[in-house]
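Have a look at the structure below, then the notes.
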Amino acid sequence: MENSEGVKIESTVVTEEPLISALDIALFVVIITVAYFWYFKRDKRSSSSEKKPYTIQPSSLSSIEQTSNSSFIKKLKSTGRSLVVFYGSQTGTAEEFAGRIAKEGARYKMKGMVADPEECDMADLVEMKEIQKSLAIFCIATYGGGDPTDNAMDFYEWLQNGDADLEGLNYAVFGLGNKTYEHYNEIAIYIDQRLEELGATRVHEIGLGDDDANIEDDFVSWKEKLWESVCSHYGIEETGEESNIRQYKLVDCSEVLPERIFSGEISRLKSYENQRFPFDVKNPYLSKIAVNRELHKSGDRSCMHIEFDIDGSKMRYDTGDHVAVYPKNSSELVDKIGELLNADLDAVFSLLNTDEESSKKHPFPCPCTYRTALTYYLDITSNPRTHIMKELIEYASDPKDQEKLKLMASSTPEGKKEFHEWILRDNRNIVHILEDLPSVKPDLDHLCELLPRLQCRYYSISSSPKVYPKSIHITAVLVNYTTPTNRVNKGVATNLLAQLIPTNDELPQPTIPIYIRRSQFRLPPKSQTPIIMIGPGTGLAPFRGFIQERDYARKEGREIGEMVLYFGCRKKDEDFIYENELQEYVANGTLTKLHLAFSRDQPEKKYVTHLLEQNADELWNIIGEKSGHLYVCGDARSMAKDVHSIIVKVVMEKGQMTNSQALNYVKKMEQQKRYSADVWS
């Protein structure tokens with residue numbers, strides 16, 4: 001016991017008691033008890049937060065949910081599934097294909113699920129062998145210059161850097177690409193080969209879809225043969241049962257409070273009212289339109305110069321980046337759907353996934369009105385795919401309309417021909433189909449489930465942040481064209497932008513959601529490196545930023561290298577965009593040479609490719625003798641391919657190489673980022 005002589009007593013106790021005193025034991029017990037309660041209370045809090053995540057948007061998962069749901073193997077096992085379909089998607093097509101495969105699995109006694117590799121622990125692929133008759137299918141798009149899509153990047157890097165043993169994994173791959181691009185289906189081909197290298201078993205040969213031709217036809221043909229291979233591999237037979245099972249169920253939300261209803265936001269509820277940095281694909285910035293002016297001097301076409309105000313947004317961009325613009329469908333088309341289906345477009349609804357294990361609870365932000373869904377979330381202007389034809393059959397009351405839809409939904413040569421002519425060649429969208437097949441009256445909620453998501457549109461930024469740090473410039477041609485059925489189709493984004501004209505008074509300025517997408521289309525690190533830029537039409541856009549940046553460096557007193565620009569358009573007096581600016585850069589020495597091709601100002605057509613062939617010595621001097629950089633921007637289908645062929649030919653002739661050596665030389669330029677392309681089809 002303690003008293004005023006504690007020290008003395010303590011010394012006595014030391015000689016009489018064991019080495020560890022009762023006080024020491026008591027303190028030790030207290031420490032252990034505190035540690036125990038701290039650890040398990042913390043763990044309980046963590047578990048609780050996983051069960052009841054806080055979220056302000058009903059349509060998206062919290063990061064905690066995504067982490068807890070990352071094991072797709074556990075989902076497969078707990079729900080008795082054996083098929084998982086992963087998708088790598090940038091525009092939604094691969095995700096749509098994945099959903100169709102998973103849905104069809106039921107016909108082959110393979111209950112399936114769709115999975116986003118970004119939300120999964122892909123290392124769990126090693127455990128697929130534990131599930132009897134299991135199959136993993138990958139619908140993978142190749143994006144940009146041979147890159148994986150954003151959501152497949154981690155999986156791609158895991159395959160590259162890892163060395164997992166995937167023996168026992170059965171798989172198949174379908175790639176989504178475009179033959180006009182050099183790196184056609186490169187990512188899908190790599191994944192297919194890499195999975196085999198790691199010991200997995202390929203159940204069916206890779207499918208390569210070409211979006212420049214008919215990717216729907218490619219997919220359907222591959223899918224039919226896939227199921228034949230699956231039946232053969234697993235010794236199973238098709239059940240023959242084929243029904244249009246709904247993936248989402250309709251939920252009446254008429255009683256939901258107005259402040260809980262989405263009105264066009266991409267992910268976070270009220271995100272346009274309460275803007276929060278950082279801004280990205282799921283959280284765009286609502287930018288004011290600062291400038292919107294016409295660039296064409298005359299003629300019946302229009303090209304717009306638009307400046308987005310980003311002052312105060314904290315957004316930063318680099319020269320060569322892209323800006324994504326979120327469009328909305330015209331009210332005329334939306335109202336037409338309401339009229340054709342006799343639907344109340346202002347009714348509030350939600351679509352809820354019938355698969356409780358799916359990480360995707362809604363196809364788009366819900367709840368919202370049908371008008372909001374058709375205006376902001378659904379693509380109503382593109383050509384519908386064959387599976388939509390199939391789903392519409394049950395809503396056709398006229399036998400003739402039924403037969404037409406059945407034919408187009410079939411994979412017979414006659415069906416494919418009819419689909420190609422009536423849908424693709426005649427360029428019909430869902431509105432046109434409902435107009436031309438008047439007995440087809442689908443439930444509006446089912447139609448909302450079937451239609452793909454409306455995607456943002458990307459534009460090359462035509463300004464330099466050194467010169468314009470508070471604004472982003474784009475150069476966009478207004479898209480309007482007449483279809484074979486004498487309907488006028490209008491570009492969703494460009495026609496919206498054409499209406500957003502800033503005013504000089506105190507009225508609120510027009511706005512549009514945007515975000516910046518990083519690019520590999522970059523100026524050389526050293527300002528003195530010579531460059532050649534080839535950009536006819538709006539392909540000039542990123543080069544306007546390049547020239548601005550080099551001009552800024554010159555004005556700072558830095559040495560800049562040669563800048564040679566090849567630009568072409570139809571007529572000098574009509575569509576020579578940014579003419580005065582370019583001539584000024586030539587006059588002050590920033591732009592060393594400006595080669596111009598006006599294709600219709602003389603009897604014979606004249607293009608930038610003709611000028612390139614004429615200037616072979618200049619080309620080789622810069623890319624061969626001076627190790628300069630070459631950039632191409634514009635049409636991928638013909639112009640970019642022609643440029644590539646000319647460059648190879650120049651390298652052969654001026655560099656005295658064989659065709660094989662010249663191809664390797666150009667390939668090395670690409671690997672060194674000395675030959676860069678920003679192209680579209």
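Even glycines carry a Cβ here, placed using N, Cα and C.
Remember, TrEMBL labels are computer predictions, not curated facts.
If you look up TrEMBL, you'll see 20-39 marked as transmembrane segment. The domain 'Flavodoxin-like' annotation in TrEMBL covers 83-227. Positions annotated as FMN binding site by TrEMBL: 89-94, 141-144, 176-185, D211. Taken from TrEMBL, the feature domain 'FAD-binding FR-type' covers 282-524. Annotation source TrEMBL lists NADP(+) binding site at R301, T538, S599, R600, K605, K606, Y607, V608, T609, D642. Among the features that TrEMBL reports, FAD binding site is placed at R457, Y458, Y459, S460, T475, A476, V477, Y481, G491, V492, A493, T494, W680.
Recorded features from TrEMBL, shown on the structure.
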residue	record	contacts (Cβ under 8 Å, 6+ apart)
S89	FMN binding site	E95, A98, C139, A141, T149, N151
Y181	FMN binding site	T142, G145, G146, A636, V679, S681
R301	NADP(+) binding site	V477, L478, E574, D575
Y459	FAD binding site	H322, V323, V325, I474, T475, A476, A541
G491	FAD binding site	L478, V479, N480
Y607	NADP(+) binding site	P536, G568, A597, S599, M639
T609	NADP(+) binding site	M639, D642, V643, I646
C-alpha spacing of R457 (FAD binding site) relative to Y184 (FMN binding site), in angstrom: 21
Using Cα positions only, nearest of the binding-site residues to N178 (FMN binding site) (R457, A493, K605, W680): W680
Residue among binding-site residues G92, G144 with least C-beta crowding, 10 angstrom cut-off: G92
Nearest-integer angstrom distance between the alpha carbons (Cα) of K605 (NADP(+) binding site) and W680 (FAD binding site): 22
Candidate with the highest Cβ count within 10 Å, taken from the binding-site residues N178, T475, S599: T475
Pairwise CA distance, G92 (FMN binding site) versus R457 (FAD binding site), rounded so that it is a whole Å: 13
Largest inter-residue Cα distance among R301, T538, S599, R600, K605, K606, Y607, V608, T609, D642 [record-listed NADP(+) binders, Å]: 26
Number of other Cβ atoms within 10 Å of the Cβ of A141 (FMN binding site) across all protein chains: 29
Spatially closest candidate among R457, A493, W680, the listed binding-site residues, to G144 (FMN binding site) (Cα to Cα): W680
Protein Cβ atoms within 10 Å of V477 (FAD binding site), excluding its own: 17
K605 (NADP(+) binding site): tally of other CB atoms within 10 A of its CB: 11
Surrounding CB atoms that lie within 10 Å of the CB of A493 (FAD binding site), all protein chains: 22
Protein Cβ atoms within 10 Å of W680 (FAD binding site), excluding its own: 16
The domain 'Flavodoxin-like' (83-227), counted residue by residue under DSSP: helix, strand, coil: 65 helix, 35 strand, 45 coil
